[in-house]
């Protein structure tokens, strides 16, 4: 799930933190990818007539189809992917996972009912809600990656947190995930939409944490508190706290402790905090997650030549993939993994830090932009109000 509406908050209040560009812009870069999030998206997106792809024996193959061709696309564009798989979820996450499982169980029942009585749209809608990544999906994807020569590692708990460790250490350029909570784990750069299909024509979003913090005017701890207020995987949200309210509360009070104190003492009692709301534990999971050091031997990885006969056996003979396409993909892997060894020029130069004057200028421009947006909203609200108060038929 990640952090609710965090992208909206950053795009509106720290627009300089986000760059949108073509996948080709990342040529020669190593990227740590949240494997579980990718597999989940493949199971949802790689479909035929609303149903997941199946082999002749009735086994799901959407995850393998997605993993093979989306990874190929990255390698074709000079990217060197490293997949990171989730370990055991933190205890605090078990409540959220239980809720998700209950929702999926309800969706499964609704899906069966829709197949009997509903429209094609109903069937597809409920079918997507029943999706969950199983151990078998993970095991098969690991087998496929090994045959492709693409490295993977297992995280002790959250994959996004381990991706962030590797990015901070400079072992990879960025962490790639659709989950915005990857920023809470302090990845310097987050890439989104990297594992999307080419047909979707979605640009790759590149989000820089330091620019987001600068634009929001927060330190990392305040940013984490903001994310907890917005709604994260570890806690249920506080009712009536949307993105604008969450941002205002943290800016006004500076920390979750002070925000909760304000809510407690508010005579209007506008906000009701859930009885069991261990925000300190959630904050600790973001600040000090269970991860391996980047220099741990289990975090070593390298790209190798694909095992073509092994790929044919697994994908063609076992899973019913097209043999010519698999062999063609293996040839592209061999060729493009070599060309991705070329270094990017940026690796030879250290980035120049912004001067205080440049920072002040950027902040001024950002503040002006925010003021313009506020002014525009006020004018729109005023025009709406005037239109409502105008008698019907008045020109």
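Yeah, the Cβs are placed from backbone N, Cα and C, and that goes for glycine too.
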(message) Quick check: of 34, 219, which does Swiss-Prot put in the same Mg(2+) 1 site as 86, 158, 160?
(response) 34
(request) For the Mg(2+) 2 site that Swiss-Prot lists with 179, 181, give the additional residue from the candidates 233, 252, 266. (result) 233
(message) Using a 10 Å cut-off between Cα atoms, which of these binding-site residues sit near residue 181 (Mg(2+) 2 binding site): 34, 70, 86, 160, 233?
(response) 160, 233
(request) Could you round the CA separation between residue 160 (Mg(2+) 1 binding site) and residue 179 (Mg(2+) 2 binding site) to a whole angstrom and send it over? (result) 8
(message) Need one number: mean pLDDT over the region 'Interaction with PCNA' (341-349).
(response) 51
(request) Work through the binding-site residues one by one (34, 86, 158, 179) and name whichever has its CA nearest to the CA of residue 70 (DNA binding site). (result) 34
